[in-house]
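One structure is given below, encoded as structure tokens.
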Amino acid sequence: MKIGIVTGIPGVGKTTVLSKVKEILEEKKINNKIVNYGDYMLMTAMKLGYVNNRDEMRKLPVEKQKQLQIEAARGIANEAKEGGDGLLFIDTHAVIRTPSGYLPGLPKYVIEEINPRVIFLLEADPKVILDRQKRDTSRSRSDYSDERIISETINFARYAAMASAVLVGATVKIVINVEGDPAVAANEIINSML
């Protein structure tokens, strides 16, 4: 399967846009799979007793986060190999804001394993992201609850995505998630992969 990595900071709407990507691809009868990098990491972290929920993973020591990243990359790469023709999209982050600084979400040992065709940066205005976070009470995102931090994280994500892309010859594409119409971003992502 061709792999596209869809990144974006918490609250930008990655999961919503990727749900729309799946819906559109199903309508077009294109084989597809959407995987969440964090789900792979979370399953391993919970098995090892490191965390009780997804949001605790950002606060783990960096060495433990790296271990979880490697396991997730291997699992996803295997899924893509076994998936045949079609498109596989990974829902993840280009950077993770941790207490000790920004952790690359797609470091060399991850990006080379996955070898994507495109790294997408799903973005929105920081004010819009903050509003979305406030509406989503199911998640704990206090470490991203300031416009300045959101802007800083978006910039670091751009730098990190380009650095990762250089290692595997992938392209990097910024896609704006328009408020109220995830189909716009979804179609832009799909068209970049076909």
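Keep in mind that glycine also has a Cβ here, set from the backbone N, Cα and C atoms.
Computed from a predicted structure; not experimentally measured.
Now, the feature entries from Swiss-Prot:
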BINDING   Gly8, Ile9, Pro10, Gly11, Val12, Gly13, Lys14, Thr15, Thr16  ATP binding site
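Structure with Swiss-Prot features highlighted.
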residue: Gly8; record: ATP binding site; Cβ contacts under 8 Å, 6 or more apart: Lys14, His93, Leu121, Leu122, Glu123, Ala157, Asn177
residue: Val12; record: ATP binding site; Cβ contacts under 8 Å, 6 or more apart: Leu122, Glu123, Ala124, Ile129, Arg132, Asn177
residue: Thr16; record: ATP binding site; Cβ contacts under 8 Å, 6 or more apart: Asn177, Pro182
Within 10 A of the CB of Lys14 (ATP binding site), the number of other CB atoms across every chain shown is 23
Once DSSP output is merged into helix, strand and coil, Gly8 (ATP binding site) belongs to coil
If the ATP site is taken as the center of the Cβ atoms of Gly8, Ile9, Pro10, Gly11, Val12, Gly13, Lys14, Thr15, Thr16, which further residues of that chain fall within 8 Å of it by their Cβ?
Val17, Leu122, Ile129, Arg132, Asn177
